[in-house]
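Features reported for this protein in TrEMBL:
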- 12-28: transmembrane segment (TRANSMEM)
- 34-486: domain 'Major facilitator superfamily (MFS) profile' (DOMAIN)
- 40-62: transmembrane segment (TRANSMEM)
- 113-134: transmembrane segment (TRANSMEM)
- 141-159: transmembrane segment (TRANSMEM)
- 171-191: transmembrane segment (TRANSMEM)
- 203-222: transmembrane segment (TRANSMEM)
- 325-343: transmembrane segment (TRANSMEM)
- 355-378: transmembrane segment (TRANSMEM)
- 398-421: transmembrane segment (TRANSMEM)
- 433-453: transmembrane segment (TRANSMEM)
- 459-482: transmembrane segment (TRANSMEM)
- 510-536: region 'Disordered' (REGION)
- 513-536: compositional bias 'Basic and acidic residues' (COMPBIAS)
Amino acid sequence: MTSRAVPTNRYAIQLAVFIAFGVADLNTDSGRLTHSAHIAIGFLFGYDIGVISGCLIMPDFIRRFGQVDESGQHILSSSRQSIITSLLSAGTFVGALAQAFTSDRFGRRGSILIWSATFTIGVAIQTGTEFSIVQLTIGRFIAGLGVGALSAIVPLYNGETSPKALRGTMLTLYQLQIIMGIFLSYILDLATHRIPNSASWRVPVGLQLLLGFILLSGIFFLPESPRHLLGQTKRVEARKVLASLNGVPEDGPLVDELVDDLDYAIRAENEGGKATWAECFSPRNSLWKRTVNGMMLQFIQQLNGQNFYYYYGDTFFQTRRLSPYVIQVILGGVSVVATIPALHLIESWGRRQLLLTGALCEAACSIIAGLVGHFTLAPSNTPKDQLTTRNKQGGDTLIAFAVLHVFSFSLFWGPTPWVYLGESFPLRVRPKSIALGSATNWIWNFLLSFFAPRIAAKIGPLILLIFFGMLLVGYVYVYLFIPETRGLTLEEVDEMYRAGIKPWNSANFKPHLGQEARGKYTKEHEEKRESPSSAA
């Protein structure tokens with residue numbers, strides 16, 4: 001009797017860390033990554049998102065890409081700032097949708113390679129720009145294509161290769177690296193903004209070239225997703241990957257069980273032929289509910305209000321005489337610190353509890369900060385020597401609740417929607433449904449950055465009450481519609497939706513159809529092996 005090997009998660013964890021961190025020093029030994037990765041895919045495009053905000057107020061950047069006003073001074077008009085910043089968001093939206101085609105056609109691994117190269121090309125165009133704002137914005141758009149595509153592929157790939165007990169942690173690690181990338185970009189902007197030449201912005205922007213080349217060099221060591229391989233009927237290759245992910249022999253019974261289980265589920269999914277975009281909203285197996293849930297969580301995440309503090313932190317912190325660069329570093333550091341405990345809470349508390357708790361915490365911060373700011377802050381651009389004690393106390397209160405709000409977001413709503421997006425869809429429509437969720441995030445990121453300044457100019461800190469209302473809507477939506485997916489395989493999540501389990505009862509769901517399917521599939525194969533025709 002063949003002994004059953006005990007699975008280990010070592011390689012799967014290393015792989016998830018790799019895809020979150022990128023690569024540095026890698027080698028192969030029986031298909032294993034023997035060194036931890038250092039630089040994140042999430043880190044890389046988190047850095048890209050954060051770096052441009054500091055560049056927009058650097059003197060050399062303004063001289064090269066701005067205009068000369070009536071007084072002969074170089075300025076970067078609000079319209080030009082909007083173009084420079086929004087072109088990345090436009091690219092991310094397109095890239096998030098486009099990856100659905102490459103992920104199915106070229107596989108998860110090949111798709112990561114394509115879009116990483118696209119990102120690197122976009123960065124090279126930006127870094128090589130001299131005075132052309134057209135070249136700069138084209139580079140931003142091309143880099144955005146890579147950012148948007150990778151933002152969807154990484155949850156897709158990690159969700160398909162991570163062990164179910166650690167899937168939430170691995171996907172949260174991806175969010176942590178985005179935050180760390182943003183934080184580092186703020187630090188470098190702070191360090192270089194006083195340089196009197198183009199190095200002030202070329203250094204922080206150009207560093208992405210190094211990260212991109214390191215990432216590209218290591219992607220060739222990535223295995224393909226076993227679920228994608230089985231979907232392409234590449235059973236032998238899938239066995240090798242599953243054996244490596246679980247740290248067991250390729251010919252062991254555990255691999256047989258995993259392959260049979262996945263193969264049965266994938267065959268059932270593919271009976272209807274090739275999936276279409278319309279199928280993402282089909283009533284079949286509650287696909288429309290899953291797609292809408294993924295999109296809604298990304299929509300609510302963007303309207304949590306935390307971005308408002310990044311945009312207006314310099315006003316809120318004026319009583320402390322801090323520069324915008326220092327403000328960004330403070331908020332970025334808070335975000336990094338807060339995301340670390342989420343690595344544990346995502347599995348110990350579960351997805352629903354994090355979202356529900358976070359909505360209430362952030363709502364409390366929003367309403368208090370909004371009302372305090374409205375009734376105590378001085379008008380914008382008030383000289384610091386004219387600030388009253390009441391103004392300063394109001395500013396101190398806003399500082400406290402801005403930090404609490406950003407902390408709560410990074411702990412609860414920052415990572416969890418991405419975790420949910422990576423684990424909620426069957427293989428058949430997974431790339432397309434994740435693309436729709438990711439694209440929703442980016443389009444609302446664009447709309448928020450475009451409209452929030454205009455709204456805030458009219459109503460000031462009361463804009464935080466809008467976010468307060470959205471957070472209450474988020475709490476109700478999560479309670480009524482978002483099921484708990486902790487501890488389930490991707491196929492068991494599919495079973496839960498098909499069973500019609502109510503979200504508020506989902507934490508007690510016990511899967512069983514997967515075992516029945518595996519037994520049925522194994523029995524069919526045994527009968528075929530024992531039949532005379534098979535023997536002949």
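Including glycine, each Cβ sits where the backbone N, Cα and C put it.
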Other parts of the chain folded back onto the transmembrane segment (325-343), taken as Cβ under 8 Å at six or more residues beyond its ends: 50, 53-54, 169, 172-173, 175-176, 179-180, 182-183, 186-187, 189-190, 193, 309-310, 313-314, 317, 354, 402-403, 406-412, 414-416
The domain 'Major facilitator superfamily (MFS) profile' (34-486) [mean pLDDT, rounded to integer]: 80
The transmembrane segment (459-482) and the transmembrane segment (141-159) contact flag, 3+ Cβ pairs under 8 angstroms: no
Intrachain residues whose Cβ lies under 8 Å of the transmembrane segment (141-159), provided they are six or more past its termini: 16, 19-20, 41-42, 45, 48-49, 87-100, 102-103, 108-109, 111-112, 114-123, 125-126, 167, 170-171, 174, 208, 225, 418-419, 421-423, 430-431, 434-435, 437-439, 441-442, 490
Two-stretch contact, the transmembrane segment (203-222) and the transmembrane segment (113-134), at least three Cβ pairs under 8 Å: yes
